[in-house]
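Colleague: Quick paste from TrEMBL:
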DOMAIN    97-521  domain 'Major facilitator superfamily (MFS) profile'
REGION    621-640  region 'Disordered'
TRANSMEM  151-168  transmembrane segment
TRANSMEM  175-197  transmembrane segment
TRANSMEM  203-226  transmembrane segment
TRANSMEM  233-255  transmembrane segment
TRANSMEM  261-280  transmembrane segment
TRANSMEM  350-368  transmembrane segment
TRANSMEM  380-404  transmembrane segment
TRANSMEM  496-516  transmembrane segment
TRANSMEM  546-565  transmembrane segment
Amino acid sequence: MAFGDLLEQVGSTGRFQILHVTLLCMPVLLMASHNLLQNFVAAVPPHYCNAHTNLSQSQLSPEETLLITVPQDQIGKPQRCQRYVTPQWHLLTKNGSSGSGEDKDTKEGLDVGLQGCDDGWSYNMTDMSSTIISDWNLVCDLRSFKQMGQTVYMGGVLVGAVVFGGLSDRYGRRILLLISNLLMAVSGTCVALSNSFTLYCVFRFGCGMALSGLGLNTFSLIVEWIPTRVRTVVGTITGYSYTVGQLILAVVAYFLRDWRWLTLAVSLPFYVFFLISWWFHESSRWLVMSNKPEQAIKNLKRVANFNGRREEGEKIDIKMLQESMTKEMSCSQGSYSVLDLFRMPTMRKMTICLSAVWFSTSFAYYGLAMDLQKFGVDIYLIQVIFGAVDIPAKVVITVSMSFIGRRPSQSGGLILAGITILINLLVPYEKSTARTCLAVLGKGCLAASFNCCYLYSGELYPTIIRQNGMGWVSMMARVGAMVAPMVLLTGEYIPWLPGLIYGGAPILSGVAAIFLPETLGSPLPDTIEDVEDSQPVGAGGQAAPAVIKIGATLLLVGLLALGIVKGHLVAAQQRLVILQRIGVVDSRRERHGMAGIWGCDLEGLFPTCRCAESLPASQRSLHTAGPADEGQSNHSVQHAGPVPPCTQDCCIYWSPR
């Protein structure tokens with residue numbers, strides 16, 4: 001482990017390291033922008049069907065045209081994916097009526113037909129001037145294309161992790177960093193100029209590949225040119241660059257509301273980064289491990305000159321290098337692949353645990369951060385909040401890593417994030433502020449986990465195979481990011497299941513992190529033999545009691561949560577059975593997630609019911625609609641028979657399923 005001594009001789013924390021780290025952190029600012037760009041370029045603006053072509057020359061105001069063309073949902077907003085087959089002119093004469101347009105039509109006994117948006121859509125572009133959704137009409141039947149674009153991008157990140165991870169261990173960090181910067185610049189420019197969704201996806205895939213190459217090689221060049229004692233601080237600075245990048249994205253997106261200009265704004269700087277990358281020196285540590293000692297000595301002397309230690313640098317020669325790193329150079333013969341991560345027992349256990357950590361961190365992180373519109377808050381504001389929470393989170397994780405250690409920090413951050421997400425399941429849906437606060441807290445914990453695992457993984461893997469290892473775990477993270485949107489689909493069948501999965505995965509991986517070795521204050525391993533000769537993974541018996549205690553606690557918390565959820569489900573089922581016996585439950589209403597029931601309040605089972613006579617006459621017809629999802633139509637069901645008198649136990653009861 002003598003490379004650290006050579007680094008101290010030429011200056012380990014001098015001007016070279018300061019400038020080196022600063023320049024390498026600059027692209028990280030915009031890596032965050034590309035990672036989260038989907039929130040803005042694919043934002044879904046409010047939209048509704050265009051009017052019939054024969055109304056285009058009419059003298060009606062836009063509001064009147066909308067009224068007679070598009071039916072309203074249950075809260076009085078235009079439906080997104082349906083319009084009347086023919087204009088409903090009679091609605092213009094119903095001033096002051098209440099209820100939705102569709103309800104009024106039903107009560108008038110009119111035969112109202114609905115159709116899709118055959119003439120396209122109109123978009124309310126108040127928050128932005130253009131998105132890929134409005135440009136290519138990715139709504140209604142094509143609404144899943146939004147998630148497809150993000151999945152394709154993450155697929156590029158996944159492929160890039162595999163490709164660049166192996167190539168950089170073989171050809172060096174610097175050359176792959178140059179290629180990655182150029183690929184990001186060109187692909188990002190082509191994304192902004194794309195004239196179809198297909199081309200958009202192709203070039204976003206290229207951006208994803210470039211992002212992996214940038215992340216892997218930037219971090220390796222940083223870590224391999226700094227000493228052990230400052231790795232935590234420098235790693236945290238790199239993490240803060242990503243945090244600042246999230247805030248920059250919110251500001252740039254606020255002023256550039258057109259998705260093409262926004263994409264160009266976060267892509268063109270990579271041409272500059274490409275030029276800057278020519279100045280970087282290849283990692284001398286990697287050069288030594290790759291049997292290129294002459295180039296390693298040349299780079300060490302350049303660093304010594306830059307740091308004002310010319311005389312110390314001139315003392316380094318081939319003989320000194322061979323004497324100090326005989327073991328490492330002898331072990332560096334041959335090439336290594338991803339398979340070498342699993343050949344030896346300690347490396348295998350370490351890789352499995354790190355795979356779980358990276359997968360679950362990315363899985364839960366993107367499950368929270370990639371759909372800002374679901375919070376019902378201005379997307380620019382929520383982006384700032386989600387970015388700002390990383391600042392205190394990373395301060396805490398930095399202190400924790402420096403004084404408590406890497407292993408407990410990694411494990412604790414994941415477990416806390418999982419518990420926060422699970423608690424959110426128990427908060428009523430209408431309490432949006434509380435739910436948003438918990439989501440922000442969970443996102444902060446996951447950001448801290450990301451900050452930790454980048455540094456931790458780089459310290460665990462030996463130099464000779466570090467890029468292969470980082471490429472593998474980065475690939476697992478991208479798999480998690482690709483799977484995250486798919487889990488949301490399960491919410492259509494079991495509403496609380498996505499949250500349970502998003503919360504359970506970090507907890508399980510937090511337990512797995514306990515079995516990793518501690519690296520606080522330890523020098524970087526250079527060979528696989530260094531890892532195998534070190535202490536057993538997880539420190540054996542010291543980790544077992546902690547695992548048992550944490551496992552027991554998590555089991556109790558899980559049982560309690562499941563008991564609460566089960567209790568709610570049983571109570572809901574009992575109410576539904578009673579209502580089916582005493583009232584009328586509309587089947588169409590059930591399919592759309594609501595239950596509107598005429599019935600009697602037996603022994604206070606339904607305390608939220610309202611007496612029929614206390615409702616306006618227009619609402620005594622049981623008008624219903626499902627959630628305001630695209631593609632769903634409204635239904636109007638009118639109770640057969642007179643409205644019952646307002647007695648103590650007869651009422652109309654509304655309850656979300």
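Yeah, the Cβs are placed from backbone N, Cα and C, and that goes for glycine too.
Bear in mind that the values here come from a model prediction, so they are computed numbers and not experimental data.
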Colleague: Cβ under 8 Å, sequence separation of at least 6 from the ends of the transmembrane segment (151-168): give me the contacting residues as numbers and ranges.
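Modeller: Here the qualifying positions are 38, 176, 180, 201, 204-213, 216-217, 220, 337-338, 366, 467-472, 474-475, 477-479, 481-482, 485.
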Colleague: Residues sitting near the transmembrane segment (261-280): Cβ under 8 Å, six or more positions beyond its termini, same chain?
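Modeller: Residues packing against the transmembrane segment (261-280) from afar: 20, 23-24, 26-27, 30, 33-34, 37, 40-41, 174, 177-178, 181-182, 184-185, 187-189, 191-192, 207, 221, 249, 252-253.
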Colleague: Where else in the chain does the transmembrane segment (496-516) make close Cβ contacts, counting only residues six or more beyond its ends and a cut-off under 8 Å?
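Modeller: Those are 349-350, 352-354, 356-357, 359-361, 363-364, 367-368, 406-407, 410-415, 417-422, 424-425, 446, 449, 456, 460, 484, 487-488, 490, 537-538, 543, 546-547, 550-551, 554, 565, in sequence order.
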Colleague: Assess whether the transmembrane segment (380-404) lies in contact with the transmembrane segment (233-255), where contact requires at least three Cβ pairs under 8 Å among residues 6 or more apart in sequence.
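Modeller: Touching, yes - the transmembrane segment (380-404) and the transmembrane segment (233-255) meet the threshold of 3 or more Cβ pairs under 8 Å.
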Colleague: Determine which residues of the chain contact the transmembrane segment (233-255) at the Cβ level, with the cut-off under 8 Å and only residues 6 or more beyond its ends counted.
Modeller: 21, 24-26, 28-33, 36-37, 40, 218-219, 222-223, 226, 262, 265-266, 380, 383-384, 386-388, 390-391, 394, 397-398, 402, 447, 450-451, 454-455, 458
